[in-house]
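Comments concern the structure below.
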Amino acid sequence: MALDSKVPKGPIKDKWTDYKNHIDLVNPANKRNIDIIVVGTGLAGGSAAATLAELGYNVKAFAYQDSPRRAHSIAAQGGINAAKNYQGDGDSTYRLFYDTVKGGDYRAREANVYRLAEVSANIIDQCVAQGVPFARDYGGLLDNRSFGGVLVSRTFYAKGQTGQQLLLGAYSAMNRQIARGKIQMFNRHEMMDVVIVDGKARGIIARNLVTGEIERHSAHAVVIGSGGYGNVFFLSTNAMGSNVSAGWKIHKKGAHFANPCYTQIHPTCIPVHGENQSKLTLMSESLRNDGRIWVPKKKEDAEAIRAHKLKATDIAEEDRDYYLERRYPAFGNLVPRDVASRAAKERADAGYGVGHNETGEAVFLDFAFAIERYGKEQALIKGLDQNNKALITDLGKKVVEAKYGNLFQMYEKIVDENPYETPMMIYPAVHYTMGGVWVDYNLMTTIPGCYCIGEANFSDHGANRLGASALMQGLADGYFVLPYTIGDYLSNDIRTGTIPTDTPEFDQAEKEVREKVDFFINNNGTKSVDHFHKRLGKIMWNKVGMARNEKGLKEAMTEIKALREEFWKDVKVPGTADTYNEELAKAGRVADFLELGELFAKDALERNESCGGHFREESAEEDGPQKGEAKRDDENFAYVAAWEYKGEPAKAVLHKEELEFKDIELKQRSYK
Amino acid sequence: MKLTLKIWRQNGANDKGGLVDYKLDGVSPDMSFLEMLDMLNEQIINEGGEPVAFDHDCREGICGMCSLYINGEAHGPDRGVTTCQLHMRMFKDGDTIFIEPFRASAFPVIKDLIVDRTSFDRIQHAGGFISVNTSGNTQDANSLPISKHAADEAMDAATCIGCGACVATCKNSSAMLFVGAKVSQYALLPQGQVEATDRVKNMVAQMDLEGFGNCTNTGACEVECPKGISLDNIARMNRELMKASV
Ligand SMILES: Cc1cc2nc3c(=O)[nH]c(=O)nc-3n(C[C@H](O)[C@H](O)[C@H](O)COP(=O)(O)OP(=O)(O)OC[C@H]3O[C@@H](n4cnc5c(N)ncnc54)[C@H](O)[C@@H]3O)c2cc1C
Ligand code: SF4
Ligand code: FES
């Protein structure tokens, strides 16, 4: 089957409006007869569920947490982009579109991104109307901040808890529909499989995580909004329960999986402290506005720091290497995430890492300069003595505290060091997955009637996501895009009637799920689920992480396959299937990660170019001022890699969606 | 560090439950409290037992999923943090640590340390929203200025993570801090005014129906709240309720 992105004809700025004017609609009386399943209640699933219910559809929503409010969108800190141009700094729909496509290193689909930029302003209006308490200035109008990689101030925020407030907004919209009986909420439920009837998605099999019951749920369409799959690396900034399973299950039933290797590794996270670490914590990107990143110039100094014989503050100024400022004088510490992450790894690999942890992997993020600069500024404004060091430091600390106080406190709680006195230690960590289930312009997967939204799909961020654009995409998909596109599809279903669940298709899907659950419970292996998950994470991090090469990727594929076989033989799942059993739930998720991991490596192997978050060592600039930097290959790789399931991940078949850039000129990114 | 753990084990809502002793060695002070429990569970699994069930997800203090009553304190001995942000350096080598679920009749135990907090959701269904449809032509966000002061205060109330520590700490199992925070967020914003009367009445009625107790102003909730939600929110809710009742 050839991939059809179904992008409407016509000029880019008219596509979405024309499309909306010409789609088929379902009349309000008929919507009552149509059921929709939404898996996931994050920004994407929550906003979709609420809007579909407002329109009159019957919605069944599912989440593995105990409440929709706890989806991992809650953890987003920094902000959400929107082309409002409230600051009058020249922002526009086109500029947001342009920045997003460029930031994605020209690997996203133009038409989708334009639509995203187009609806972005509506998101802010909607959220404010819902009572989301965005930050405001003294005149009572909305405040903005700026984020990496752009030249305008278009990021809306609610302190350092933007994701929380947006999610609570979507949750409140859901609550209103739950109270009206239009959404039935299934908390602590995990989707185990999708059910296909006559080639269309017509329901799911879910497991009640409290009672262990296996349930059948039917609907006229199924929407997956299950979030990202960064946990394939075991350690990431994702929640412990974040998983790929919903997306992977539909992949195995016919949905193509696109660009699995596109991962965002965020440069400023708290380093790993040891073998028992369960997850990583992000320190907001905003810190790079004021912190300077460095490692010692001399290897022996780095060694001494690692051995606790020297402290950061013992290293003289001339013995410090501000490597980002050295390598990228134009952007310095504010280079994009992918560039900053690779540069940190390069220094650590070369032996200059400063971590007190087992790996030694960390670099310094130093605020001493910012404290001094702000302190002098304050002294000047207040007419105080600019040569009084203690006073300057004190004044400077106050400014830094006002800006980043909560982050500094979080850092201190975790690391037990005071970042006002000594530089922070940071290191890159897996943060976001740009890849995901392939969808067309309608957000429909290659399974008719099965949609995928939010981080779970591949659509809008290309090979690298800009800060503050994931929240925008999740809400755009759920509030403003899917409710239209799904109506066009469902207009053919007004006479279908309720989908029965006592059919052979449901029987078969349920049987397979039961067999899997029984297998785990009876396997009596010797090693815990986490044991395998951690080993998978190590392979992924070492060979499919920040920098990749052919040899490593081939090894990774073989190793992951072997690990998967060992897992099925030797995994140990304690307890029973009929009570709350977290190990059982984890086993199912890790089984899917063990398949995804191999496809991930295969995709990375096939893409023999460096682009965005994907750095292929074989594809670097060989000489000139850009020597050693990522080299994109537009001639051979300007496509979306959509993989079709064929049994083993290694046998997956590649379908290419060629990317056309009619409204933007392709350029190599340079931050020198 | 070597620890003795006394952990509440209860196999489902109908089981009586009780404390079980565990010994754990090799705990590092840099570990979080939940990582310590992960380590214990790995040990239990390897010994052929059933791991201790506890709720958790984000592990960075924002989802509100983790709970635990540790040595008689909701979210343990540290202040301004959730259990997932609590670190083992708050304890000493050789310590005995009591770990129990959040207790309240409106939070029945599901298993071991996991409780059912859906009563919180049902209070929100009763009125925790502003009735506005998604249309794409809602009025421009800046057409209605809101004083920075009100917006900031609304934000402070809105940072509640719905963890339930306030209820677990309160001797009456009152949910007033949680409900007060939500009522306050909307009461402080112009968008929330239209439905203010019904909202506060309906949410309070649902709170009573769920079996949460009364507030006797002991202030324990504010002390244990990991997000520093202020008692002012309870006062504001009471004012709103008075207004709604006259
Ligand atoms: C620490 C952190 C900070 C971030 N900061 C920002 C930021 O400042 N700005 C920005 O734009 N983006 C940010 N991001 C990215 C952004 O938060 C996410 O990409 C986005 O919120 C994902 O939303 P979602 O709705 O797609 O998925 P999620 O919010 O992850 O929701 C997934 C939902 O699916 C459910 N689910 C998953 N699997 C199953 C299953 N098998 N069965 C049933 N239910 C299931 C879950 O219960 C949950 O309800 C950040 C991410 C992290 C981790
Ligand atoms: S008020 Fe505080 S303690 Fe109570 S639920 Fe909210 S965050 Fe938790
Ligand atoms: S696990 Fe999310 S707040 Fe503790």
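Placement of Cβ uses the backbone N, Cα and C atoms for every residue, glycine included.
Marked as active site, proton acceptor by TrEMBL: A:Arg337. Taken from TrEMBL, the feature domain 'FAD-dependent oxidoreductase 2 FAD-binding' covers A:35-471. Look at TrEMBL and you will find A:612-633 tagged as region 'Disordered'.
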Average pLDDT across the domain 'FAD-dependent oxidoreductase 2 FAD-binding' (A:35-471), rounded to a whole number: 95
Residues in the region 'Disordered' (A:612-633) grouped by DSSP into helix, strand and remaining coil: 0 helix, 5 strand, 17 coil
All-chain count of other Cβ atoms within 10 Å of the residue listed as 'active site, proton acceptor': 26
For A:Arg337 (active site, proton acceptor): DSSP state (helix, strand, coil): helix
